[in-house]
Amino acid sequence: MNRGFFNMLGRRPFPAPTAMWRPRRRRQAAPMPARNGLASQIQQLTTAVSALVIGQATRPQNPRPRPPPRQKKQAPKQPPKPKKPKPQEKKKKQPAKTKPGKRQRMALKLEADRLFDVKNEDGDVIGHALAMEGKVMKPLHVKGTIDHPVLSKLKFTKSSAYDMEFAQLPVNMRSEAFTYTSEHPEGFYNWHHGAVQYSGGRFTIPRGVGGRGDSGRPIMDNSGRVVAIVLGGADEGTRTALSVVTWNSKGKTIKTTPEGTEEWSAAPLVTAMCLLGNVSFPCNRPPTCYTREPSRALDILEENVNHEAYDTLLNAILRCGSSGRSKRSVTDDFTLTSPYLGTCSYCHHTEPCFSPIKIEQVWDEADDNTIRIQTSAQFGYDKSGAASTNKYRYMSFEQDHTVKEGTMDDIKISTSGPCRRLSYKGYFLLAKCPPGDSVTVSIASSNSATSCTMARKIKPKFVGREKYDLPPVHGKKIPCTVYDRLKETTAGYITMHRPGPHAYTSYLEESSGKVYAKPPSGKNITYECKCGDYKTGTVTTRTEITGCTAIKQCVAYKSDQTKWVFNSPDLIRHADHTAQGKLHLPFKLIPSTCMVPVAHAPNVIHGFKHISLQLDTDHLTLLTTRRLGANPEPTTEWIIGKTVRNFTVDRDGLEYIWGNHEPVRVYAQESAPGDPHGWPHEIVQHYYHRHPVYTILAVASAAVAMMIGVTVAALCACKARRECLTPYALAPNAVIPTSLALLCCVRSANAETFTETMSYFWSNSQPFFWVQLCIPLAAVIVLMRCCSCCLPFLVVAGAYLAKVDAYEHATTVPNVPQIPYKALVERAGYAPLNLEITVMSSEVLPSTNQEYITCKFTTVVPSPKVKCCGSLECQPAAHADYTCKVFGGVYPFMWGGAQCFCDSENSQMSEAYVELSADCATDHAQAIKVHTAAMKVGLRIVYGNTTSFLDVYVNGVTPGTSKDLKVIAGPISASFTPFDHKVVIHRGLVYNYDFPEYGAMKPGVFGDIQATSLTSKDLIASTDIRLLKPSAKNVHVPYTQAASGFEMWKNNSGRPLQETAPFGCKIAVNPLRAVDCSYGNIPISIDIPNAAFIRTSDAPLVSTVKCDVSECTYSADFGGMATLQYVSDREGQCPVHSHSSTATLQESTVHVLEKGAVTVHFSTASPQANFIVSLCGKKTTCNAECKPPADHIVSTPHKNDQEFQAAISKTSWSWLFALFGGASSLLIIGLTIFACSMMLTSTRR
C-alpha cells in the first residue's frame, strides 16, 4: 500500500509548475466560466493582491476597537474612568504585533492556491491538505473533508506507516501544485507561522508558535519547494520539535516523530460543565468572576477543585466579560492570593521570629545548581495585587499587619555566597546558587531589613562522568534536567485555603480600666470576650467593650475571605471554609542539555593482548571498563592527576569509557614476536607468546622423547653387541638358531570353494544353507521394487516442480552484528549464487509489566484546626500515608496576644500526608518485572546483485519478507537476557534491582511511595510520619519522618546495565531492550526467488582456475591477497566464494573475461591458511603462509575463529615431526637391533 506513495514522491512524473503566476485558478476552473480580455486579468490580479497582501489587510482594522466602549456604557455604575483608555491602548498595539514577517508572508502567498482546509461536520477547520507533485496529500489523523468541491470527492489511498493519505490531483490543477525537494541543509525554513529551524536532523520552532489545527501545513525553502509536511509537535521547553514527513534523495518517505509528539489535528470542542451548589454551568463561562464577586468566585473554584476542567474555570474566573481578549495574562492567577506571616527558624541567622518572608520549601532537583524557593511573600505584584514586573508585596509585621510593597532589587538570596536571581512568580523564586548548608532570603530596603534562613544542604551537582565546579565554556552537551524559567509552565499545584482568624493584641487597647477594640484604618475586626457573659461583635472604628476590664479577657482578629493563602502549617484554617483551592506551581523541571567538560583524551599504548592508558586530568574523571564476552568483569574508578592504567584485552574485546568521551571498543589480534614459518627458535618464541602452556608442553615432550629415544637406542645397541660377539660353535652338538626353527612351525592354509561351503552347510546346518541362498534373491527383489517406483516418483516430482517459485536454503549465521556470513548456493541446473547474510542489529525484547513508579515524596502539612475551650476529632481522609492527631492544652497564649481564653481545654488537630514531588514527572523510577524475552534481528541479505533489508523475529515461526524474499529465523542456539526478573529504570538507565512488591512499602527504602502512573489516584506510601505536640509559642505542626527511600537508592544504586551487561549488549528503554548482543547462532531458512538464479547455459563456464597468494597477514581485517588465474568460455559476472571457515573473502562477485586473473582479498585468523576457493563453481585450493600482524590491538572484531588444523603453521608441523621422528627412529632402530640379536642368539635344541 505504501509503494505507490513512495513512487509518487520519487519519480516526479508530472511537470513542474510554470514560472507565470496564475492566482486562484483552482476556484475559477470548476464553478465559473473562463473570462476573456483585459478586464478578466485585471480582476484576477486585484483579487489576488487583496487576498495575499496581509499588511494592507490589517491596516483598516485600526478603527474597529470602537464596539467595546458601547458595551461598557451599559454599566455606568463603575465610577473609575481611567480604566477605559487602557484597553484602547492595548488594542492599538495589536496590529503591530500581528504583522507577519517576510518568511510568513512568503508562506501565506504560496499556500493561497495550493493548501486546502479540512473541516469536520460542524464546519470547523481541523487540518489541511496539500497539492504537491500531481497528488493531493492529507495527514491520516485529520478526520474530515477537504473544503473544495472537487477534491472532497476524490478517493484516497492510505499509508498508516507514514500517517498520510493521498489521491490523484485533477489535471487542471497539477500545474499549480507544489514541488518537493529532498535537500534540506541545516538552517531556517519558512512556514505559515514564520521561521522553522532545522538542526541535528530535527525541525524545531519557538515554543507557543503553532499548535492544533496546523497538521498538514508545508515547510518550504526560499524557492518555494516543500521540504517537509507538519504532522504534530512535542514540547521540549523553550522550543517545540516538529513531527514531519520528509523525503530522501531516492524519493523514499521518512517520518520523523520526536518523543512525546502530539498530533496537531484540531479536536472538536467539548464543553465541560462545572457546579455551584445544585446549578451547573459551562466551565469556560462561569456566572461571575473574581473582579466582581471575589468571595463567590473563590467558592466556585473550591467546589470544583478536583474537576478536570479546573484550569479552564480558573482562566475564566480571572477575566470578566466575554468580549475581552481570550488570552489572559500569565501572571494574574496569584491575584487571588495574599502574602502572609510565618514562623522562620532563623531570622538574621540568630533566633526564630515571625517573618514576612518565611521560607516554606526549597527544591534543588535541577542538575545546574538552580534552586526553586517558596516564601510567604509574593513577587511580581504590587500591594493591590496587580501584576507588576519589578515589585513584590509582603505582609507587614507591624501593628497594622497590612500588605506593603517594595522593589525586586531589595530581594537578596544567598547560600554560602550570593545567588543570582533568574526568575520569580507569586510565592516562588528561581535562583542559581553556590553550594552551602543553608538558604537565606532577605529584604534589604532603606526602611527595614529582615531575612529568613532555612537549613538545607545545597550540594554541588554535576552531570556526566566528570566532576566540575563551574560549567565550561566549551565542551560537550549531554541530557540533563533544569527548571524552566518561563512563567507559563506548571509543575503541578499548590493547595490554598481561606485564612483563619488570628488574634493580635494591637487590635485591643486598655485605658482607665476599660478595654477598647481598635481596628486598623479602613478595616473591620471581630472581637470575642468572656467578661462574665460571652460577647462578640464586628467594628470598623475604635469601640469600647462594655463589662471588660483587662485585655486578656478578649481576643480581636480580622479575617479576609476574599483571598487565598498558602496551606501553611503556620496558619490556622478557617472554620467556615475547610474546602481548598489550588494554583499552579511555576518553573517546571524539564529535560534539557547541559555543557560539560571533556577530559584530555588518553594516550593509548597498544601491547600484546593488553593496552596502557596514560591519563591526565585536573578534575575527577570516571573511568569504567567491561569485557565484551560472557563475563563482563566491570570496573569503575574516579581518577585525578596523571596516572597509568593497564588492561588485558582478549579476542572478545574490551570496552572502556573515559570521562565524557564516547565508549571505545578494542580487540586483541593474534600478534606475537617470532615467525611461525621460520627457524625452530623463532617458532617457539612465536607460539610461546600466543599459547604459552601448549608450547611448553610440546617442547618438553619433544625433549623427553629425544632423551628416551637416545637412551633406549644406546642400551639396545650395547646389548646387541654383547650378544652377537659370541660366534656359533661348530661342534657336534651345534644348535639351530631360534629364528630358523620358528619357520619350520609355519603351517600352510587355503580357502574352501563356494560349492564346498554349501555342501558343508547342507550336511551340518540346513538353516544356514537357506539363509545363505536367500541373500542374492533378496537383493534382486529390492532392486526390482526400486525400479518399479522410480517412474511414479518422477511424475509426481515433475508435477510439483512447475509450482515451485523459490528455492529454499538453510544455514546458520553467528549472531554477531556487522560481521557478514557468506555462502554459495549450489543448485542443480543453475550457476552458483553468492549469498551474504549480515546481522545489522539485534534486539532482545522482554515482555514487561510495570509494577509501580516511585520518586521523591513531598510532605503536605495542612494548616491546623484550632478549637478554643473544646476538643476536635480526626476524620479519615483519602491521602497517602495520612496521619492525624489531636493535641490538647495548646495555645493559651500566642504571639501578639491571647488566642484562646482557656488555659488547658484548647485543642489542635494536626494532619500530615505525602504526595508525589512536583518534579516527579521528570525525576522518577519505574519498577518493572521482566518475563519471557523475544528476539528480533535486522538482516541485510545480498544474493546475486540484489540487496534486501528486513526485520524478523528469531522464533522459528514468524516469517519476515522483503519484496520476493521470505526468511524464517531461529530459534537461537542459546537463550540469553541481561535482565533479571526485576529491573528499575531511572532517567534512561536500567538497573537489576530486587525492589519491594507493590503494596509492601517500607519507610526509607526504595518504593516507600508507590503509584501505578504519574496521573493515577491510587497513591500509597509508608514514610513513618509521626506528629508531635506543638509548643505554645506559635501555631505550627511539628513532626518527624523517615528519609526518602528514592533518594537513598539513587545514592547507592550502583552501576547501570549500560556499563555492566555481558556480550557487549547496549541497553535501551522505551521499550526496554538489549541491543546488539554478540552471542549464539541463528538458524535461518531463506526462500530465494527463482529469478535470482541463472541457468548454467547462460553463465560463464570456468574450465581452469589457479590460486596464488601474494600476501597474507592474519588479523581481524582483510590482510590477505590472492590472485585467481582462470580460463572461461565467455565474459560475465562470476560469484567467488571461500568454502572453508579458515578464511573469509571480501568480494562476493567478480567480473571475468575469457582469460585473465582477478585479485581477491581475504581475512583469516590462522598462520597457515589453506582454504578452497570457487570461481563460477570451479574450485581450487589456496595455500597461504601468513605472517603475524604488526598491530596488537584493533577496533574491529574478528571475522574468523581459529581452527586447530590451521592454528599451527606447516613449518611448525615439519619441525615437530622431525623432532619426534628422530627420537622415534632412534628408538625403533634400537629395538630392532635388540630383537634381531635376541632372535639370533637364542638357540633351540
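Numbering starts at 1 and runs along the chain as it is shown here.
Each Cβ is built from the backbone N, Cα and C atoms, and glycine gets one as well.
Note that the structure is predicted; figures quoted are calculated from it, not measured.
Topology check against Swiss-Prot: THR755 and ALA1000 carry an identical topological domain name and occupy the same side of the membrane.
Among the candidates CYS529, CYS531, the disulfide partner that Swiss-Prot records for CYS554 is CYS529. When you check Swiss-Prot, the disulphide partner of CYS594 from the set CYS480, CYS531, CYS716 turns out to be CYS480. As annotated in Swiss-Prot, CYS1176 shares a disulfide bond with CYS1134, one of the listed residues CYS1134, CYS1186, CYS1236. Candidates considered were CYS869, CYS874. The record in Swiss-Prot pairs CYS884 in a disulfide bond with CYS874. In the predicted structure, the motif 'Nuclear localization signal' (63-100) carries a mean pLDDT of 42.
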